[in-house]
Every structure is written in structure tokens, then in C-alpha cells.
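The structure appears right after this line, and notes come after that.
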Amino acid sequence: MTIGVVVFPGSNCDRDVQWATEGCLNLPTRRLWHEETDLSGLDAVVLPGGFSYGDYLRCGAIARFAPVLQSLMDFASKGGRVLGICNGFQVLTELGLLPGALTRNQNLHFICEDAPLHVSSTRTDWLKAYGNAASLVLPIAHGEGRYQCSNDTLKQLQDQDCIALRYGSNPNGSVDDIAGITNPSGNVLGLMPHPERACDPATGGTDGRSMLKALLN
């Protein structure tokens, strides 16, 4: 079991993810520079948080053209597991692997706090360890985390059981309290909260550990 962590210019949570996968779960982890295209030997790929390419134009708008992401499209289409955290979620929507968009928070401020969450679906392997309606708390840290989509897209997400996580107390104005969604196949998960920051009691909780432990199965 080997995990790939994509590193863009401007990423700042890649080492946090690597610590969670290697330091907490003892999983071999390979850092993937944005210009790489070889994903062979990887069982899952994580797109970490940060400010890829400085978030110029729009969050994730430039990152979508990175060579590594062209390979990721093929990886995901073949059932490879992909996790996009915060900026990684934004990149996945820009790439078209997940629908909708992440826009400025409703209050127009950067939000950094612990967020209560509810598991809305365990259809994806990433969340099966929690159980339906489970509650957890994960840190959030974003200025553009407000999930938005058309009414038709929202209905599709609801009908296909693709809404994975909802906020217990909506911090940013996301439609339907959405904190994370999956693709219809369930192998791609994008979320704004940071599970890698909640894997070690020393850093404030372990609610994110079960999500990353899904990589062991």
C-alpha cells in the first residue's frame, strides 16, 4: 500500500498529510511533484490543502492543467482512490472529477476553527469506518470554502447519495450544509475540512484518523 501526495507550487499541507500517512499510519508515502506523470505503484492519491499556484485567477484554476493531474484523471477513471482536501477539493471541481464550485465564504472572511460534522453517506470507502449519521469534529481553514452548485446538480448529488459530509453548524454558507462530496463511483472524495490535522492526540484530536485508515483496506 503506497500513497501519493501531490505537491504544487503553493501547497502547504502536503507535509501534514505525509505525517498523517507515514507518521501515524506507517503507510509508505511518495511525494508527487506537479510535473510528474507516473502514478504507477500507487494505491491512492491525496491532493492536499494550500494555495496551488498562488490561487491566481481562481482557486485550483491553474492547477487543473498540471501534468500530474492529467494522469490523475486516468487513475480515477480506473477506480483509483483520490482524496482532495481543502485546496485539493477546489482542484477536483476545477478538474471536473467532482461537480460544483467552491466560492468565497459568505462572510467574506478566512475561517479557521474546529467544525462539527455529520457523516451523510458511508457509500464511499473513505467514510465506512464512521457509520451513517456519525458525528465528528475536524479543523477547517479556508477563505473559499462555500460549496455552490445548480439545483439540478444538487438533486443529482442527493439522489445518488454523493453528499458525504455536512456541517453541523454551517460556517461558510455552503448549499445544503455540504462539507464534502464524492463522485458517483465513490472512489473520489473532496472535502474542505482537514482530516490530516486530526490524526494525533498531540495536535488536537483523532476524528480524522479513521478516514485516512481507509487507505489500509
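Just so you know, glycine gets a Cβ as well, placed from its N, Cα and C.
Features of the protein shown, as given by Swiss-Prot:
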type	residues	note
DOMAIN	2-217	domain 'Glutamine amidotransferase type-1'
ACT_SITE	CYS86	active site, nucleophile
ACT_SITE	HIS194	active site
ACT_SITE	GLU196	active site
Cβ neighbour count (within 10 Å, all chains shown) around HIS194 (active site): 23
Other CB atoms, at most 10 A from the CB of CYS86 (active site, nucleophile): 28
Separation of alpha carbons, GLU196 (active site) and CYS86 (active site, nucleophile) (Å): 11
Neighbour tally for GLU196 (active site), based on other Cβ positions within 10 Å of its Cβ: 31
Segment confidence, the domain 'Glutamine amidotransferase type-1' (2-217), expressed as mean pLDDT: 95
